[in-house]
Structures are given as C-alpha cells and as structure tokens.
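Asker: Below is one structure. I have some questions about it.
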Amino acid sequence: MANGGGGGGGGSSGSSGGGGGGGGGETALRMSSNIHANHLSLDASSSSSSSSSSSSSSSSSVHEPKMDALIIPVTMEVPCDSRGQRMWWAFLASSMVTFFGGLFIILLWRTLKYLWTVCCHCGGKTKEAQKINNGSSQADGTLKPVDEKEEVVAAEVGWMTSVKDWAGVMISAQTLTGRVLVVLVFALSIGALVIYFIDSSNPIESCQNFYKDFTLQIDMAFNVFFLLYFGLRFIAANDKLWFWLEVNSVVDFFTVPPVFVSVYLNRSWLGLRFLRALRLIQFSEILQFLNILKTSNSIKLVNLLSIFISTWLTAAGFIHLVENSGDPWENFQNNQALTYWECVYLLMVTMSTVGYGDVYAKTTLGRLFMVFFILGGLAMFASYVPEIIELIGNRKKYGGSYSAVSGRKHIVVCGHITLESVSNFLKDFLHKDRDDVNVEIVFLHNISPNLELEALFKRHFTQVEFYQGSVLNPHDLARVKIESADACLILANKYCADPDAEDASNIMRVISIKNYHPKIRIITQMLQYHNKAHLLNIPSWNWKEGDDAICLAELKLGFIAQSCLAQGLSTMLANLFSMRSFIKIEEDTWQKYYLEGVSNEMYTEYLSSAFVGLSFPTVCELCFVKLKLLMIAIEYKSANRESRSRKRILINPGNHLKIQEGTLGFFIASDAKEVKRAFFYCKACHDDVTDPKRIKKCGCRRLEDEQPPTLSPKKKQRNGGMRNSPNTSPKLMRHDPLLIPGNDQIDNMDSNVKKYDSTGMFHWCAPKEIEKVILTRSEAAMTVLSGHVVVCIFGDVSSALIGLRNLVMPLRASNFHYHELKHIVFVGSIEYLKREWETLHNFPKVSILPGTPLSRADLRAVNINLCDMCVILSANQNNIDDTSLQDKECILASLNIKSMQFDDSIGVLQANSQGFTPPGMDRSSPDNSPVHGMLRQPSITTGVNIPIITELAKPGKLPLVSVNQEKNSGTHILMITELVNDTNVQFLDQDDDDDPDTELYLTQPFACGTAFAVSVLDSLMSATYFNDNILTLIRTLVTGGATPELEALIAEENALRGGYSTPQTLANRDRCRVAQLALLDGPFADLGDGGCYGDLFCKALKTYNMLCFGIYRLRDAHLSTPSQCTKRYVITNPPYEFELVPTDLIFCLMQFDHNAGQSRASLSHSSHSSQSSSKKSSSVHSIPSTANRPNRPKSRESRDKQKKEMVYR
C-alpha cells in the first residue's frame, strides 16, 4: 500500500493496483509542481488512516486507467471525489444552461405572444363583423361579460405595471434607494473581484469545504445579493431580450451560478470570475450619482480609464485561466504555472507592442486569444492612452478652490484679464503708499494665463491667486468664495471693436454674480454711458450699498471737457487718483517740479475734534500751513443717517459751513500716513509744533479712544487710503438760511421759461432739429467765432457712439451763467453726428460744421486759431487691429493743425459787419463779441475766459510772446488729443525728447495736458474699492454735477428734461467750479513776481474763498534766458514756500458768482442781501486790483461783521 501510494489515485496492495498507482503518479508529475506536490503525501496518509478508506481507494484505482482522467489534489478534511476527475465542465455548464435556457424561454415567450396577438387580431375582426351584422338586435346585457373580462385584464395589467414600476424605482438612480442599490452593487462587485484576486493564487480547481472557507462564504453572500438585484433589473426591463444580452447580465450568468455549484460539489473552480472586472466600466456613472464628477473632462477621463483597466484585467483573467489549465484537446497537459499578475504584465506588454518575451502564452487557446486581443488591445492602447494623457495634462492647472484665510479679506477680479490689465491693476492696488493692504486678490477667468501673466502671478503669489472658470457658472463662483468676498471687480476691454457687446458681457457678469449673492459689492467698468442704465434694471444693484459703475466714456470726456475750462486739469486729476511713487530729480528741470506733484494722491480721513466749530476755509488754511495737507472737500450727510442717498460731497463749500464731530475730509497728500495728521491733531498738544512729522497720537487722543464711543461705526472698513473712525455724520451749520436768489432775481424770474433741466444742474433749451444748427463752410467763415470750443470728431455711420453728451454736459453746467458758456462747434461727419444728436439737442450754443478735421478749409472756417480749445476725438480707433495705427486719425489731425499758418486775425474780425449770429449764439453779450474774445485780459480765467495761453505784456513783466506771434502759428492753438495706445503719444510732439518706452504720465504731452489716454482711468478701480467717495468726488468735479438721480432720469428718457426755475432748482447752481487764476494782473500780481505759493493760497482763501490746488507753469519758466516756448506743465499741490513766477496760472476752486448774471455793461456798484454776501466770488472782471480798493477792510472778520458789499467791475 505504501508502494502504491506513489500514485495520485491512492494505489492498492496488489501489483495491478500498484501499477495503476504508478501510472497515476506519472500523470501527477506532468502537472505543475506547485499544485500537486504537497498533496501526494497527504494522499498516502489518508489511505493508511482506516481500512475502509483503503479498500475504497483500491477499488477506485482499478477503473482509473480506463477513464484516463487527470488527478486533482485531495485533502483529508474534504470528502472529495477520490478519482481526481476535473469538474470544470459542471461549472461552465451551469452558466451556459442558465444563459441559453433563459434566452430560449424569452424567445419562446415572444413567439407565443406574437402568435397569440395575431390570432386575437383575426378573432377581433370576426367579432367586429358579427357585431356589425347583428346591429341593434342584441340586447345590452350580452356585452357585459366582455366588459367584465376587459376589467379583469385591465386589473391584471395594472398589477403587473405597478410591480414593474416599483422595481424600476428600486434600481433607478433618480431616487435615493436606487442610488444606494447601484452604489452597493458596484461596491460588492469590486469586493467579489478582490476575492478573485486572492483566490487566483490557489489552483484553478480545488476541493473546498463551504462551511470552513471564509472567502467562499463571503463570495456566496455577494452573489446572493447579485441574484436579487438581477431579479429587480429583469422585472424593470422593458425589453427582456436586450436585457438578457447586456454585459452586466452576461457577467451575472458566468459568475453567480458557479458559486452555487461549488457549494454543492464542495469544490471551487476559479473559472470566469474575472468577468467581475467589467463592472468597472460603470465607475464614472457611480461617481456621477454621488455628484463627484461634474465636468465633461473629468467624466470622459474616468470613462476612458475604467474601460481600459476593466478590459485589461478581464483579458488577464482569461489568459490566467487557459494557461494554468491547458488545452482540453491536449488533455490539459500543456499548461504552465502563471500567477494572475504575471498575466496582467503579459497583457500590458502585448498591448504596447513591446513584447519582451520573458512571459508568453504556451497553450493554443491562449495564443489564439492573444492573436485577436492584440488587434483590439493595440487599437485601444493607441487611442485611449494618448487621450488619457492629454486629459490629465490638460486638466485645469488653476481648477481648485479658494481657501479663505481667517482675518484676511479677499476680492474677486474678473472680466478682461490680460497681462496689461492685470499689471496696471496690481501696480496701483498693491502700491506701497496705501499702507498695509491686507487684501488677497483672486482672479477668475475662463482662459488659462499665458507664460507672462503666469510669471506676474508668481511674483505676487503672497497676495494674488488665479482660478480658471467663469463668473457665469455658479460652481465657479462657489470655488472663489464669492459669498465671503469683500467685493467683486469687473474689468472691461477698453480696446474692443464693439463697446456695446463688451458692456453687455459685463452686465451679464453682474447679473450672474448678483443672482448668486445679492449682497456682494460690485465695481464694474463700463465703456458706454448709455449702457449704465441697464444696471439699474438689476433688482439687487444698489449704489447706496457700494455698487459702482465706472463709465470710461463719461469720465474720459468729462476730463477732456474740464481741460476746455482749465487746460491741464485732466492731467492733474488723473495723477491724483493714480498711485505713483516719488521720483527724485536733482537737476532744475520742469520734470523735477512735475514729478513732485505726481507723487500726490487723493485720500480721506476723519477730522480731529480740534477742528469742531471752525469754518471750512479756516480748517483748510490750518491744514495747509501747519499740517502740510491740502483739504479740498468734505462729506456732508443729512440727519437721516440710514439713507445714504442724502450723502453729498461738498467741494470748497465756503465760510458759511462749520465743522462738527465726525466730518470726513478729502485731502491731497503724498501718502496715507501724512493724512493721519488731520485725525491726530490736538490743539493743546500740537499748537506749538512746527514739524508736521511730529504730529502723532497724543495723550489726549488716547484718553478719548478709551472712552466708549457714543455712535457705532457704520462706514465699511477697507484697507489702504481710508481708516476706521467713529462715523458720526458731519452736522453742518450755516450762518445763513438756505441760499435763495435775491429778490430782484425772483422778481425777474419767468416761471414759464425753462432755462435749466429739472434738477437745476445744467443749462437746458427746447429740443432743436439738427438742420437748424448746421453751418455751411461759407456761413461758418462769415461768422466770426472766438473763445469757442472746436471738437474735431472722426466717425461714420458704422462707428460706435462715443457719447458726446458727456463732453457737452460739463460745459453746460448751471454754475456758469449763460453768457459764460463757450460756444461748441463740432467738425465731422454729419452721418455720425446725426446719431449723436438725440442726446445733444437740449443743450444751447451748439453748432455743427459737416466736413472733416483733416480739411484746413473747414478748420479755418471755424476760426480754429481763435478758439479756446480744440478737442480731437475719434470713434474709429478700435476698428483697427494694428495698435500703432489706432490713433492715426487723431495724430494726423493734431499735426495738421500745428502746421497751419494764419494771417493777422484782426483783419478777420472785420468780417463781422457782414456776418451773422450762428444758431444758439447770443452776439449781444460782451463776452461773445469778437473783440472781447480776441483782446480780453482777464485776471481770472474761468469756463469761458481761458485765453489761448496769451498774457499781454505790462510794465515790469517779461512778455514771452505777443498776440500776433501766438496767432500766426498753429502750434500755439490749445488742443487736447484723445489716444488709445499710450505709446503713440510720442508722435504728437515732434520737438520733445520723450523715449518711446516712457510711461504715459512721464511724457511731455501728458504733463502739459495736451494728450489724454483712457488707460489712466484704470487706477479708479482700486481707488474706488478702497474709498467709494473718491469716485463720487471725481465725478462731481468732471461731470459738472451728474448724480445717481440724474442718471436714473436719463435712463428713463435718454434726454434731459426741462424744468422751471424755482428757488430749489436755482439753489443747485450754488456749487464750486474750477478756474485758472492769472498772476500777470489783478489783486495777486504782487505775489506773482517771486512771491510764495503759500501766501497766495492763504490770501485767495481768506479774501475770495478760492481754494488753490496747483500751478500751470510755462515749461521753460525756470530758465534764466527768455524762451519762445508756450508749452505749460502741471504742478500739483506745491509746498508753501514754492516760488511763483508772473506767467503762472493757478488752478483754483472758486465759488459761484450770483451777481455775474446781471448786465455786464454797468460797472456801478451793486449791493446784495446777507444771503448772498457769504457767497461772494469772482469771475473774469470781478476781482479788482488791490490798489483800486482803498476802502477794503483789513480783516476778514470785520468784513463779515460789517457785511460790506462787494465791488464788481
């Protein structure tokens, strides 16, 4: 028996048995050593354990050579078939019978159903024919049994439908139960696949006891669940045949039945369990059910990966099965021992066509499978792998989410994100003069940044983050935490070809952001003024809560209009809200003084309690002399603190105003630290301090801070130019009641005549037809125009509108008297001007000369050499792709005008005897007379009275140029040219030495105020964020008084509405305006020759309530030798000790003059009531020289006390 034990069959004590056993051992040796070697000894011990077992083995061994079957391992714990016969066919048969049996039943059912339907159809036709033949002879009762049958059938159909619907709900991913079941089935399928990976290390077929094998028990439980889920799917399926042929169904057929067979036979066959890997194909669907995958790229990536991996693992399982089993027709003798993971490796090198040859298929089935697999696998590898790599490589590098930092604000910047727009924004937003900007900037754009922009982000990585996405997508808004952002800033493309489309895009961005979070503060750039009205249609848009729209066209044309009133003002204001560092120049050149002024910016600060009770001019003087600060305005808020609409910005309000607690002041200073002196100033501690740098927080201030505040702060805290302070509303006290026009004005007021718009902010006239204001060239030539504004406009019928109303409105502000209004003459295409006329027909003194600004005949016809200002605009700039050619029309027009030569203009004036008054022009006014426009010598130049850089010589003064010299050459015509491309500024002045790479603000044309580019307005975005009052102040200065209420009115009617002159509307005229003060003559002439700017500042403020804030100086005034150059440059906020020269023009804010509206022909003295005495101001001829006023009181207090009447000349 021991000798016979060498066979795998158990052997016997006889020779034949031993021989049989030997044959069995020989077969066992041909099989894999790792499968059978350890089981041979176990078989021997099993045969010697009992006699009954030995006799049974002996009898079985006799028949084994006849069966010629392979021997499988037999353990002593498992009561297995001692003959060692393979039973793989039983496992496979169970699957095949299930699949084909079910398929046969489905086909049989369909066939019977089809036959039954055909038969019923024929029978139905027969019954119908019988029913027609019988007609009405049959009683109604004969049809009741049929109805009852139909009700029974309907009931049955309803029951089956209910069950089917219930099953569909159970497996549908639309319900929570369905999603749970789908996810659970997928998870259990992966679990079954893991069990297969574990069992793959065992033999392909082995005897196992179900009650002792833990993995088999788990696999059995999984498959029971799969069977139940299969039943639900079968019930819910509409087409049973297609369901039976689905991949998931085939997987169940070849994995579920073999498990039950293995329990019955007490043996396990690895078989086709690897098909569970096909369930991985549904991985992307599972992730979508769980809302993990939301983007198309991520879904596609997971789909490709799941299909590739599942195919790979499934094919490896098949190779593992056939290679470890062998070919059936070879009696399973050509097998080889390969682990599953070696098969995975073999399939990978096969798909990739590498084929190292270290592992290969030996069986015919394996090789045949490899032949077909390499075709499909190679195609899949060649297409799927590159696409997977591309998707992974193209995954959004900036697709994460923003993580808010505790204690640190963040803003979201979106819209037009380019290298230029971002660099300009960051340069101003993160400027060192803003104190410590503890704000993180999050950029959101749907296009990934290029290398240059990416490098810019990396340089500012501590404060800047970029995320790829769109604000129109709520998911992307959630990624950047828009709900917790301090504000959202939307940048516009200033150079786009279609401004209306760009505005529409930004409006859609505002709608999307406001829809996601209505309370977010939004600051957006708009290109066209008329598109601002669409923002008012957004329900959550609220300018009272900080929402602002920066209209570039409105501000650009407003700046240019102010330059028509005081040339150089556009440059000064643009420099004030732009953050620029101080550049020190040692040489005594004009750049030295210009750059000293450029370093000044606009800031706000709450005034110290030491200023309480003082008048505005007194506080202004104290701040300028002692604190070295220039205060130009304060914030006024009515007693109703809950309403922000009652808040106003008062610019140089005059001496009637008394400051109380919590007044917010607007200052011009070089940095934010200097402005804090106004808050820290204490009369008790700092009264004797001469160095303003020593004015810091004192002990008195600390005691005040320790006291509990009486009013809670309400103003929103922002970093940068503003600081937090108790926000008590500044209560303003007037010595006099609300200013009302004098009795003589009220008596002469014609209530039936509308001279102003309904708000009283602008001059108004009845709408005029464009034909009434058109001048022909001959009519214009016969009309002697002088002191007017010539607007050269390039545009055609297809050009985008630039909004000329924004240019005209500041020139028609009601704080000018009618006779002070400059006549405006447009020179350009009549087709274009017709499109703009709808917004211009309510303004007086406007004429049109159809033509082209490049025609010298047209320019001579409008007397361009006698104009106060020539404005060159173009509506065609953004239609050209080449940026260097965008400004070609404006540059050509500018050079054309400068090259013109003019004869003696006095001869031209003689044509006035044969001329006529142009439409809207009142020739009866002395200011409109040709001689007045030519030879006037004003000491103060205001809206209509700015000379063409002409100072007439007087004894003791150095005349730089004469009248005829100025008029003979076009180079002396004052003009301002709008540019799109900053670098094109180099072409405006042929005699300057500006480098092409010089920044715009450092170039001579910009410093002189003869060029303006819209790019300078980019700084307003960050300035508005840090202090929303800055935008209000700038708009008040440049628009002539436009308010949100007026914008709402224009949005309704797209035109100004005329209003009657009432005391309330006339009171709105009482507001400050910009003027230029000449030092050649007048009361300040003594200071013009070597005097100090500080003395001029104090004298103008005390005497005339005029607030000086800058100088417009000749470029070569610092030279000791005379120069013929008449170019001037801007000096902003010079220091107290700054030396003046006689040719300087002083920028000042002057009060409204109520008496200038009376007849200018009379030079007699006039007196007014006390209401107007506090509002005395000066116009062109209103300030006499000091020598002519011997009775003038010595002190301002005595003048106020005596209420002495002003003398007008």
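The count begins at 1 with the first shown residue.
Cβ atoms are placed via backbone N, Cα and C, with glycine included.
Heads up, here are the entries from Swiss-Prot:
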{"type": "COMPBIAS", "residues": "1-26", "note": "compositional bias 'Gly residues'"}
{"type": "COMPBIAS", "residues": "45-61", "note": "compositional bias 'Low complexity'"}
{"type": "COMPBIAS", "residues": "1160-1185", "note": "compositional bias 'Low complexity'"}
{"type": "DOMAIN", "residues": "408-550", "note": "domain 'RCK N-terminal 1'"}
{"type": "REGION", "residues": "1-29", "note": "region 'Disordered'"}
{"type": "REGION", "residues": "42-64", "note": "region 'Disordered'"}
{"type": "REGION", "residues": "557-577", "note": "region 'Segment S7'"}
{"type": "REGION", "residues": "704-734", "note": "region 'Disordered'"}
{"type": "REGION", "residues": "784-804", "note": "region 'Segment S9'"}
{"type": "REGION", "residues": "1160-1209", "note": "region 'Disordered'"}
{"type": "MOTIF", "residues": "977-999", "note": "motif 'Calcium bowl'"}
{"type": "TOPO_DOM", "residues": "1-87", "note": "topological domain 'Extracellular'"}
{"type": "TOPO_DOM", "residues": "109-179", "note": "topological domain 'Cytoplasmic'"}
{"type": "TOPO_DOM", "residues": "201-215", "note": "topological domain 'Extracellular'"}
{"type": "TOPO_DOM", "residues": "237-240", "note": "topological domain 'Cytoplasmic'"}
{"type": "TOPO_DOM", "residues": "262-265", "note": "topological domain 'Extracellular'"}
{"type": "TOPO_DOM", "residues": "287-301", "note": "topological domain 'Cytoplasmic'"}
{"type": "TOPO_DOM", "residues": "323-336", "note": "topological domain 'Extracellular'"}
{"type": "TOPO_DOM", "residues": "360-368", "note": "topological domain 'Extracellular'"}
{"type": "TOPO_DOM", "residues": "390-1209", "note": "topological domain 'Cytoplasmic'"}
{"type": "TRANSMEM", "residues": "88-108", "note": "transmembrane segment"}
{"type": "TRANSMEM", "residues": "180-200", "note": "transmembrane segment"}
{"type": "TRANSMEM", "residues": "216-236", "note": "transmembrane segment"}
{"type": "TRANSMEM", "residues": "241-261", "note": "transmembrane segment"}
{"type": "TRANSMEM", "residues": "266-286", "note": "transmembrane segment"}
{"type": "TRANSMEM", "residues": "302-322", "note": "transmembrane segment"}
{"type": "TRANSMEM", "residues": "369-389", "note": "transmembrane segment"}
Asker: So, does the transmembrane segment (88-108) come close enough to the transmembrane segment (241-261) to give 3+ Cβ pairs below 8 Å, pairs being at least 6 apart in sequence?
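Answerer: When sequence-distant Cβ pairs are counted, the transmembrane segment (88-108) touches the transmembrane segment (241-261), since at least 3 lie under 8 Å.
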Asker: If I count Cβ-Cβ pairs under 8 A between the transmembrane segment (302-322) and each of 88-108, 180-200, 216-236, 266-286, 369-389, which range comes out on top?
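Answerer: Per the Cβ under 8 Å count, 266-286.
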Asker: Let's see if you can do this one: DSSP helix, strand and coil counts over the region 'Segment S9' (784-804), in that order.
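Answerer: Counting residues by DSSP class gives 0 helix, 6 strand, 15 coil.
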Asker: Under 8 Å for C-beta pairs, could you tell me which stretch among 88-108, 180-200, 216-236, 369-389 has the largest tally with the transmembrane segment (266-286)?
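Answerer: Result: 180-200.
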Asker: Could you give the residue numbers and ranges of same-chain residues that sit at least 6 residues beyond the topological domain 'Extracellular' (360-368) on either side and whose C-beta is under 8 angstroms from one of its C-beta atoms?
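Answerer: Same-chain contacts beyond the flanks: 319, 322-323, 325-327, 330, 334-336, 346.
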Asker: Using DSSP, what is the helix/strand/coil residue split across the topological domain 'Extracellular' (262-265)?
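Answerer: Counting residues by DSSP class gives 4 helix, 0 strand, 0 coil.
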Asker: Any chance you could find the range in 88-108, 180-200, 369-389 with the most Cβ pairs under 8 Å to the transmembrane segment (216-236)?
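Answerer: The stretch with the most close Cβ contacts to the transmembrane segment (216-236) is 180-200.
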Asker: Mind checking how the topological domain 'Extracellular' (201-215) divides into helix, strand and coil residues in DSSP?
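Answerer: For the topological domain 'Extracellular' (201-215), the helix, strand and coil counts are 2 helix, 3 strand, 10 coil.
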Asker: Give the nonlocal contacts of the topological domain 'Cytoplasmic' (237-240) in its own chain as ranges (CB under 8 Å, at least six residues past its ends).
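Answerer: Cβ under 8 Å, 6 or more out: 106.
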Asker: Apart from its near flanks, which chain residues at least 6 from the ends of the transmembrane segment (88-108) lie with a Cβ under 8 angstroms of it?
Answerer: 204-205, 240-241, 244-245, 250, 253-254, 257-258, 260-262, 265, 269, 271-272, 325
Asker: Can you tell me the mean pLDDT for the topological domain 'Cytoplasmic' (287-301)?
Answerer: 84
Asker: Residues sitting near the topological domain 'Extracellular' (262-265): Cβ under 8 Å, six or more positions beyond its termini, same chain?
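Answerer: Distant contacts of the topological domain 'Extracellular' (262-265): 87, 90-91, 208, 210, 216, 220.
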